[in-house]
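*Asks:* Right, I'll just put the structure down here and ask away after.
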Amino acid sequence: MERNIFFTSNSSLIVRQKQIFYAVIALFIFSQFAGILNYKNFENLLIFLGFGLVVLGIYISMNRSKLKAMHWLAACFGVFLWTIIDAIRSVNEDFLLRSKEQISYLHFFDLLPMFLLLAAVGIFFVVKFIASDKKILVLADSFNVLLLVFTLAYCIVGDMGDFDILIHPKSPSELAASIAIFVNLSILFIALSEIFNSNHLYIRHSGFFLIIASAIFTLLNLYVFYNELINKGHDFTLHSIYLVPFFLLMLGAFYLKGDNKRISAADVGIKTTSKLVPIISAALILIKTDLSSYVDLLIIFVVVAGAVISYFMKVLDQSEEIYNAEQNLHDAKNKEKHLKTNELEMINLSLEGVSEKDYLTSLGNRDSLLNELKGMCSVLGEKQEIAVYYINISRFKNINTSYGHEVGDKILKAIAKRIREACNRQEVTARIGADEFIVLSKMEENSHTKRMKLGMELRDTIEKPLQIDKYHFAIKSVVGIHVVTRDNISDPRNIIKKADMAMYYAKQNPAKNPMVYNNEIDSEIQQSSNIEIALKKANLQEDFEVYFQPIYDIKNLKIICVEALLRWQSKEYGQKEAGEFMDIASLNSDILNDICTLAVSKTVEQAVRWQNKKLKVPKISINVAQIQSTSEKFVNEFMLTLNSHHLNPKQFELEFSEDIWKNDQETLDKIFSLLEKNSIDVCIDDFGSGYTSFVYIRKYKIDRIKIANDFVAQSVINKKDMQVVAAIINIAKSMKLKVTAKGVESHEIKELLKELNCNEMQGYFLSRPMSAEEFENSLRQNSHMVADI
């Protein structure tokens with residue numbers, strides 16, 4: 001909403017101003033009606049009240065704490081005196097019935113408010129003149145206004161016939177009138193000067209109303225006192241008209257605490273009129289006289305000369321303004337050029353630094369790393385070595401996919417900080433890929449212990465529990481090391497490649513993390529790379545097949561469950577078990593996802609075929625890869641698959657590795673809640689080989705645990721392994737869990753497990769994995785050996 005004169009920060013002041021505003025208007029209107037109806041006394045009372053309210057309105061609106069309000073104080077006091085004098089005049093004329101001659105002395109008192117108003121506009125003009133930066137132009141325009149006022153006065157006085165009455169008053173009243181005319185001409189001169197100089201003087205709305213009110217007040221006074229001086233019998237009865245200039249003065253005061261914006265000549269439509277002031281002055285002379293008098297010619301000459309001088313001064317000022325504007329523009333251009341030059345220099349310097357830094361972590365980038373490594377190799381001493389640590393963050397792509405890149409970026413920053421903390425100032429750190437970091441450390445030759453210690457320290461520091469926002473992460477890292485000596489210095493890229501190969505090998509062999517590069521790694525990594533390439537080329541539907549290996553209850557030799565195992569019929573490498581290619585597939589999450597999805601779908605499809613053939617089939621155990629067990633999404637998708645094929649969930653068991661316990665508590669709760677809700681049995685595979693936690697076993701509904709192959713296979717020759725197996729069996733039975741021993745490959749192992757009270761067994765000694773066709777034939781022939789689900 002647009003602001004107006006009433007909109008101040010003081011709500012109570014707004015109310016009072018509005019009340020006074022409307023009251024003065026009402027009093028003026030009623031006073032006019034009273035005058036028309038010839039209610040003289042009532043009219044005078046209304047005028048007096050109107051004047052009083054104007055004084056009150058001006059007074060309450062002034063900012064009296066500031067010295068610059070002196071002109072408003074003078075104006076306010078002037079209106080106050082005028083009100084008092086007008087009241088005294090009305091009392092003498094209407095109540096005491098005194099004649100005008102008897103109260104002629106009041107004319108001298110009339111001069112007091114005029115002088116105060118002259119002081120008000122004078123102080124205002126001086127203040128604005130001092131603040132103006134166009135003082136010469138103000139003086140030039142004011143001189144033209146002076147000539148206009150002088151010409152106007154000359155024309156008026158010329159109509160009198162002579163100057164005797166004005167210059168030689170014969171009575172006190174004539175003297176007062178003469179003084180009043182001179183004073184009001186002065187007010188008019190200052191007011192017009194302020195109006196025509198409003199482009200050069202900083203005048204606000206309040207000041208503009210002060211000027212206009214003063215000009216109207218002056219014109220009324222000139223009319224009254226001119227007739228008082230010349231027309232002796234003239235009787236001025238419209239005293240209420242003085243409410244108009246005083247009302248405008250009050251409006252100006254209202255702006256003092258309102259929206260008191262600056263106003264220019266253009267705002268009031270007098271921008272071009274100031275140029276016509278000399279023409280108006282000359283026109284008045286030409287209309288008044290026939291130029292027969294030397295005085296007339298002299299006035300015309302002065303007016304024209306003043307106009308020429310004023311025009312010349314304005315042209316000089318405009319030229320100076322143009323010159324200053326051009327100079328300022330030139331200076332601004334030079335300054336801008338200088339700033340741009342400095343800015344470009346700073347950008348070049350910063351780019352040099354940025355080009356050597358990773359944008360996210362502020363570690364070195366690949367280019368800076370290669371330069372650092374090249375420099376370190378060039379000054380490497382005979383008994384020195386450079387340990388190049390290639391660090392990879394495991395499954396970082398999955399984190400980005402599951403939690404978003406913003407969380408992923410925060411994790412990378414945190415890891416970079418940890419790497420810096422694990423290193424000293426002399427060691428070089430860099431990030432060369434999305435989840436790959438490099439550390440260069442120079443040390444004495446053959447410092448195997450120190451080298452491995454730093455590698456393990458980097459790994460362990462990175463793998464400390466990490467919280468990002470509300471999420472908790474168990475970060476895993478793999479470290480590959482390549483040792484550079486004077487004897488094997490090569491291209492920096494080749495050096496980093498060998499460290500990368502060591503990291504790749506350590507990823508496939510977690511027990512050897514960190515791993516130092518050696519020549520034997522090449523052939524193994526090459527083999528793994530070839531297998532990975534073959535996996536990418538494989539036709540999943542045709543090349544992969546599901547085999548089935550029974551799990552027996554040794555007491556009655558019945559098949560209580562069958563584990564679905566994936567086999568790859570590779571054209572290049574023949575048949576491969578899952579253990580021979582799944583670790584390699586896990587290096588590429590896209591391949592791994594496709595293989596895991598295929599294994600489930602093929603198993604379910606085979607179960608549907610057996611169901612359609614009315615075969616009695618044992619519970620089918622499906623292995624769930626670690627990548628699938630990171631959220632409840634897999635369980636939901638598995639249930640959709642079963643429902644679409646009209647299969648009973650109780651017919652299946654999901655087999656998780658102990659990696660599932662790496663999930664956060666919320667994810668675990670969701671997964672096991674869904675499994676229990678849908679009556680799907682849960683088996684924990686390779687129990688005891690990884691993140692064994694009996695807290696989880698007790699908390700969630702677990703139906704079966706499988707003892708890890710390594711413990712079972714070694715139990716007949718290693719007493720400690722046998723004790724571990726016995727302990728797991730006893731704990732499982734005490735918790736009422738089914739326990740299965742994997743890897744039963746000999747009669748001795750079978751008999752030992754029976755002694756340890758383990759009745760569920762699986763292994764090559766009992767039955768090798770069979771193709772779907774072979775297992776189906778076995779079911780047909782031995783259906784009585786299949787336990788009920």
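Note: Cβ is positioned from N, Cα and C throughout, glycine not excepted.
Source: prediction; values computed, not measured.
Here's the feature list from TrEMBL:
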| type | residues | note |
| --- | --- | --- |
| TRANSMEM | 20-39 | transmembrane segment |
| TRANSMEM | 45-62 | transmembrane segment |
| TRANSMEM | 69-91 | transmembrane segment |
| TRANSMEM | 111-131 | transmembrane segment |
| TRANSMEM | 143-163 | transmembrane segment |
| TRANSMEM | 175-196 | transmembrane segment |
| TRANSMEM | 208-226 | transmembrane segment |
| TRANSMEM | 238-256 | transmembrane segment |
| TRANSMEM | 293-313 | transmembrane segment |
| COILED | 315-342 | coiled coil |
| DOMAIN | 384-520 | domain 'GGDEF' |
| DOMAIN | 528-783 | domain 'EAL' |
*Asks:* Take the domain 'EAL' (528-783) and average the pLDDT across it for me.
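*Replies:* When the pLDDT values over the domain 'EAL' (528-783) are averaged, the result is 90.
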*Asks:* Is it possible to list how many residues within the domain 'GGDEF' (384-520) are helical, extended or coil according to DSSP?
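*Replies:* The breakdown for the domain 'GGDEF' (384-520) reads 63 helix, 41 strand, 33 coil.
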*Asks:* Within the same chain, where does the transmembrane segment (111-131) have neighbours whose Cβ lies under 8 angstroms from its own Cβ atoms, ignoring anything closer than 6 residues to its ends? I mean 6 or more beyond.
*Replies:* 68, 70-72, 74-75, 77-79, 81-82, 85, 138, 176, 179-180, 183-184, 186-187, 190-191, 193-194, 201-203, 207, 210-211, 214, 217, 221
*Asks:* Take the C-beta pairs under 8 A between the transmembrane segment (238-256) and each of 20-39, 45-62, 69-91. Which stretch has the highest count?
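*Replies:* Answer is 45-62, with the largest number of Cβ pairs below 8 Å.
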*Asks:* Compare 69-91, 175-196, 208-226 by their Cβ pairs under 8 Å to the transmembrane segment (45-62) and return the stretch that comes out on top.
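*Replies:* The listed stretch sharing the most Cβ pairs with the transmembrane segment (45-62) is 69-91.
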